[in-house]
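> First the structure, which I've put down as structure tokens, then a few questions once you've had a look.
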């Protein structure tokens with residue numbers, strides 16, 4: 001129970017979390033953590049207590065539970081009936097309806113433990129990007145915890161991808177780039193790619209990451225233009241050979257989108273994109289996303305991916321709007337329809353996987369079950385590593401003083417059948433408790 005506060009003492013906005021196991025420095029460490037709802041950041045506890053003599057408003061005993069940074073999902077297409085790529089057709093609401101749906105999604109998403117994410121748009125017509133991206137840029141500038149989960153900028157997954165590795169992406173909207181980066185600007189909108197900052201000096205460029213196939217005509221020449229603007233270039237939906245992928249890494253590509261899915265298969269003489277995890281020529285190995293929903297990849301394949309390069313391993317959902325919805329048939333963009341059966345999502349009339357209906361915490365549980373990795377190793381794949389990939393080391397994904405106070409209390413357990421399960425018990429956003437699974441009165 002939280003400690004009571006004297007009504008005569010001024011509130012400081014400080015909370016002391018004690019009695020928990022902190023995921024820090026790749027270990028589980030029994031220690032206290034002090035956070036501020038005023039600054040939204042993690043505090044240097046000794047400095048606050050001994051130098052400034054600050055007294056916390058409340059002290060919360062975590063009773064041995066695990067305290068970790070909030071989860072980050074860098075490939076997330078929608079959930080709970082909302083899709084980032086779908087523009088409302090109602091004449092009265094228009095993009096106001098879109099914004100309302102986005103706000104509702106953020107409030108529900110944060111309860112699942114995802115405190116930050118990249119809203120992801122698969123291949124679309126240019127007008128879709130022009131209308132939506134302005135609403136999907138970094139959203140944490142106001143540092144309002146009650147807005148829920150925070151966008152870290154959009155992830156444009158396509159349309160500059162291979163037509164033979166398109167997955168569910170509509171062939172009719174795919175593009176090449178004969179004019180180089182000018183074609184990307186025309187597709188996404190130059191204003192959505194240009195470097196920009198808000199009044200506080202925080203990055204505000206709407207787009208954060210672009211997934212493209214480096215072998216598509218004109219794309220390899222775009223990579224330096226993408227990265228010099230502070231954007232991440234990810235290799236995905238591609239027929240790229242090992243040599244082509246290595247060249248892309250050397251040019252500045254730093255991420256692989258959903259490793260193994262929608263790319264050339266690993267062959268013992270032709271390792272393809274997977275081969276760059278061994279060591280790309282002249283460049284450090286890239287980060288890479290893995291979908292551990294139990295459908296996209298075999299458990300052993302996930303273990304192989306992790307073993308190849310643990311420091312670059314990032315769990316993603318590739319979640320669609322069907323997360324949280326009942327089984328059935330659902331319309332999507334470009335005339336496509338999906339069929340949802342449990343966690344499986346396929347294009348109607350085919351066996352083509354159409355993204356995922358899994359929550360990130362479910363992917364975390366699967367990975368822990370299959371790999372038998374330590375809890376800090378598992379948590380790292382959805383916190384520290386994606387934050388580093390995005391250039392947010394020390395800001396997101398860690399429990400260091402000065403980082404944003406986006407925190408989770410996890411309830412972890414190992415079942416008799418060998419299944420390992422992670423549940424999100426409590427969520428803090430910018431130092432404010434916004435979800436408590438034990439108390440329905442605490443909710444965004």
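From the backbone N, Cα and C atoms, a Cβ is placed for every residue, glycine too.
Okay, these came from TrEMBL:
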| type | residues | note |
| --- | --- | --- |
| DOMAIN | 66-412 | domain 'Amidohydrolase-related' |
| BINDING | 157, 237, 258 | Zn(2+) binding site |
| BINDING | 168, 261, 262, 269, 296, 353, 354, 355 | substrate binding site |
| ACT_SITE | 318 | active site, proton donor/acceptor |
> Any idea which of the binding-site residues 237, 258, 269, 296 has the thinnest Cβ neighbourhood at 10 Å?
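Lowest Cβ count within 10 Å among the binding-site residues (237, 258, 269, 296) is 269.
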> May I ask which of the recorded positions 157, 237, 258, 318 is closest to residue 355 (substrate binding site) if we compare their C-alpha atoms?
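Out of the listed candidates, the nearest Cα belongs to 318.
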> Please give me the binding-site residues out of 168, 262, 296 that lie within 10 Å of residue 157 (Zn(2+) binding site), comparing Cα atoms only.
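Of everything listed, nothing lies within 10 Å of residue 157 (Zn(2+) binding site) (Cα to Cα).
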> If you skip the near sequence neighbours and keep only those at least six away, which residues in the chain come within under 8 angstroms of residue 261 (substrate binding site), Cβ to Cβ?
167, 291, 296, 297, 353
> As a test of reading the model: what is the averaged pLDDT for the domain 'Amidohydrolase-related' (66-412)?
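Across the residues of the domain 'Amidohydrolase-related' (66-412) the model's pLDDT averages 94 on the 0 to 100 scale.
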> Taking the centroid of the Cβ atoms of 157, 237, 258 as the Zn(2+) site, which other residues of that chain lie with their Cβ within 8 Å of it, listed in sequence order?
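Checked against the 8 Å cutoff, the neighbours are 75, 122, 158, 161, 167, 169, 211, 234, 236, 257, 261, 262, 318.
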> Based on Cα coordinates, which of the following recorded positions are within 10 Å of residue 237 (Zn(2+) binding site): 269, 318, 354?
none
> Using Cα-Cα distances with a 10 Å cut-off, which of the recorded positions 168, 269, 318, 354 are near residue 258 (Zn(2+) binding site)?
318
> For the substrate site made of 168, 261, 262, 269, 296, 353, 354, 355, how many Å separate the two farthest Cα atoms?
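That value is 30 Å for the farthest Cα pair.
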> Report, as a single number, how many Cβ atoms besides its own are within 10 Å of the Cβ of residue 262 (substrate binding site).
24
> Could you tell me the C-alpha distance between residue 168 (substrate binding site) and the residue listed as 'active site, proton donor/acceptor' in angstrom, no decimals?
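Between the alpha carbons of residue 168 (substrate binding site) and the residue listed as 'active site, proton donor/acceptor' there are 12 Å.
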> Using C-alpha atoms only, work out the spacing between residue 354 (substrate binding site) and residue 318 (active site, proton donor/acceptor) and round it to an integer in Å.
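Cα-Cα distance, residue 354 (substrate binding site) to residue 318 (active site, proton donor/acceptor): 9 Å.
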> Does anything in the same chain, at least 6 positions from residue 318 (active site, proton donor/acceptor), have a Cβ under 8 Å from its Cβ, and if so what?
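The answer is 75, 76, 77, 120, 258, 291, 293, 296, 355, 356.
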> Applying a 10 Å Cβ distance cut-off over all chains shown, what neighbour count does residue 355 (substrate binding site) have?
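Result for residue 355 (substrate binding site): 30 neighbouring Cβ atoms inside 10 Å.
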